[in-house]
């Protein structure tokens, strides 16, 4: 009698993205990643010591399931760049590209494409599938949490530069994720610690802040993350929990058919929806495809124990479309690529001023 090798079940990506505590997977984390409700893992600076360790971690995460989980990170450039040492390129804050646009629009677009390429190529060489970038918020000069993460105050400039950045990401096989729909730039409060309120009417928001989402669409921006901001003249709930915003405006009115990620459900801006189960149910009910639960493994486990949801086939297919379509070169091969070398030199010029 021949012995049969035990194989992992083929689980489709679930609607919950979780994180991990350190630089290797614990037994509890391996168990959590095998939960059918899990569809992805978000990494933070605490998960990185060097490239070798990061590659080992991403390999372990991908091997946890027969159909690999989506591995994501907030890696925009400037102050939001989780991996900074051991060869990772220092990328400029996106506001620097906006300043360059004011002097030379074509040079700014070229540099944005090169920035996207370097960002994605380095992450993919280490096994990361997606960066939650670019920021599409308009720079009104009032939001400290957004600040120089925003390209520009003009929606048309934001659209052009984010399109160029997305092209660079795509050249390295990575999808783009625009955030924070419909716009976080007009409010001063930080949704990590407060519940921001934007008092403007819908027409004004659609004309200005949400315009890049309408102009870009899901072919250029395959994923979107709504803001934990309340727009009381539109809906009493934050955008990420609002069926009006996600299903009626983003999907139906703007015709968007990409992945919609909730922002982190443990943020203060999400507290208005209730406990962790209520927050997840509200986000998924509004039309989000995947919800993020960060920095609270206890809440992640609570949600995975309590959430009862049938993940729609359309959501599963959208998430699968975010996975890279071709294999990435390893780090050493990438370093010897002349195109990458040139793109990296351009970043160093703008970072150093």
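Backbone N, Cα and C atoms are what each Cβ position is placed from, and that goes for glycine too.
Annotated features in Swiss-Prot:
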type     : residues              : note
ACT_SITE : 192                   : active site, proton donor/acceptor
ACT_SITE : 263                   : active site, nucleophile
BINDING  : 74, 82, 149, 179, 180 : substrate binding site
SITE     : 190                   : site 'Important for catalytic activity'
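Known features from Swiss-Prot, placed on the structure.
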residue: 74; record: substrate binding site; Cβ neighbours (10 Å): 18
residue: 82; record: substrate binding site; Cβ neighbours (10 Å): 20
residue: 149; record: substrate binding site; Cβ neighbours (10 Å): 23
residue: 179; record: substrate binding site; Cβ neighbours (10 Å): 24
residue: 180; record: substrate binding site; Cβ neighbours (10 Å): 24
residue: 190; record: site 'Important for catalytic activity'; Cβ neighbours (10 Å): 17
residue: 192; record: active site, proton donor/acceptor; Cβ neighbours (10 Å): 14
residue: 263; record: active site, nucleophile; Cβ neighbours (10 Å): 28
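Site extent for substrate: the farthest pair of Cα atoms among 74, 82, 149, 179, 180 sits 19 Å apart. A distance of 14 Å separates the Cα atom of residue 149 (substrate binding site) from that of residue 190 (site 'Important for catalytic activity').
The recorded positions listed here (190, 192, 263) include no residue with a Cα within 10 A of the Cα of residue 74 (substrate binding site). For residue 263 (active site, nucleophile) paired with residue 192 (active site, proton donor/acceptor), the C-alpha to C-alpha distance reads 10 Å. Residue pair residue 192 (active site, proton donor/acceptor) / residue 180 (substrate binding site) shows a Cα separation of 13 Å. Between the CA atoms of residue 82 (substrate binding site) and residue 190 (site 'Important for catalytic activity') there is a gap of 19 Å, rounded to the nearest whole number.
If you measure from the Cα atom of residue 179 (substrate binding site) to that of residue 190 (site 'Important for catalytic activity'), you get 14 Å.
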